Amino acid sequence: MNLRKTCFFFLLVILSSCEDNRQRTLHIFTWSEMLDTRLVHEFEKEFNCHVVIDLYDSNESMYAKVKLGNSSYDILFPSNYYLEIMSKQGMVKPLNFDLIPNHLYLDPHYFNSESDPYGIPFMLSYSGLGYRSDQVAPPPSSYNIFGSKEYIGRMTMLNDTREALGAALRTLGHSVNSTDKNAIESAADLVIKWKQNLAKFESEQYKNGLINSEFLICQSYSSDILQVQVEADLVKFSFPEEGAILSIDYITISEHSPEPELAHAFINYMIAPKAAALNIQRTHALTPIPSSYQLLPKHLRENPILFPSEDQLKAMEKIRDLGSDVRLYYDAWERVKGS
């Protein structure tokens with residue numbers, strides 16, 4: 001038995017021991033629609049524990065609450081650029097990969113334990129354009145659709161600083177990670193122009209809005225649109241010609257986790273191929289574990305939203321931490337929201 005398997009074996013022994021007959025509690029702070037509750041319940045049974053889940057609707061609100069230091073969360077799900085911030089500030093623990101042997105199933109294109117010591121990529125999604133195909137023709141192919149008066153009051157953009165400004169930056173030919181003040185200010189000007197045609201900036205309720213036709217075109221996450229299509233198959237998703245924005249939500253352990261061993265066990269449990277496949281079916285977002293894909297039903301294995309083309313993948317850009325330069329985005333966003 002090699003060292004990694006030995007370490008994980010002893011972790012299981014420790015966690016499953018009922019010597020003190022104490023039921024442990026694992027506290028999770030996550031996005032909505034992130035975890036298949038069946039898997040959570042199975043984990044509770046296997047490890048004789050109780051899982052408590054609290055939800056947040058933005059990286060900013062999650063960060064602010066954890067930063068206060070008075071939370072008792074074990075597991076967090078920050079987006080990649082917030083994980084970078086939190087690791088630099090000592091808010092998350094380096095992972096012990098000997099206790100997470102299932103990390104070997106991860107796609108090396110998205111994960112390397114040496115370069116990603118603080119988290120494991122858990123959910124891949126892409127922001128693009130969700131729309132009602134029965135009322136929008138031709139299908140929107142560019143973020144510039146938000147400048148169209150034809151759909152005034154029936155469109156939304158994500159209430160997210162980097163996503164909304166990122167769409168404008170791509171439209172203007174810049175990187176979503178630009179630190180050029182003039183480029184960011186120009187992007188803010190463009191979003192302010194688009195804002196005149198929007199119903200609102202919104203990151204959750206747009207899904208219901210597309211279902212009931214309150215909204216016709218929304219800057220959307222691909223996983224959200226796949227969930228919506230279960231109820232409304234006339235809702236479609238378009239990858240904008242400027243390139244979609246790639247979002248990767250990581251699973252990580254809070255620096256102040258009361259139950260770090262149990263947290264490691266939870267991560268390992270959730271990235272087993274069978275569990276990953278079940279969670280993909282629940283969330284409609286990809287966990288980058290290739291061996292789980294063959295376990296998916298055919299309609300998901302062959303879904304062009306869940307599995308974009310090579311050209312679409314090459315055109316995508318991932319939001320990154322910009323250090324102190326992110327203040328340029330916050331200042332620009334304040335100007336957008338106040339306009």
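Cβ coordinates are placed from backbone N, Cα and C, and glycine is handled just like the others.
Among the candidates TYR81, TYR105, TYR110, the residue that TrEMBL annotates alongside GLU33, ASP160, THR161, ARG162, GLU163 as binding spermidine is TYR81. Taken residue by residue with DSSP, THR161 (spermidine binding site) is part of a helix.
In the three-state DSSP scheme, TYR81 (spermidine binding site) is classed as helix. For GLU33 (spermidine binding site), the Cβ neighbour count at a 10 Å cut-off comes to 18, with all displayed protein chains included. Look at the binding-site residues ASP160, GLU163 and count other Cβ atoms within 10 Å of each Cβ; GLU163 has the fewest.
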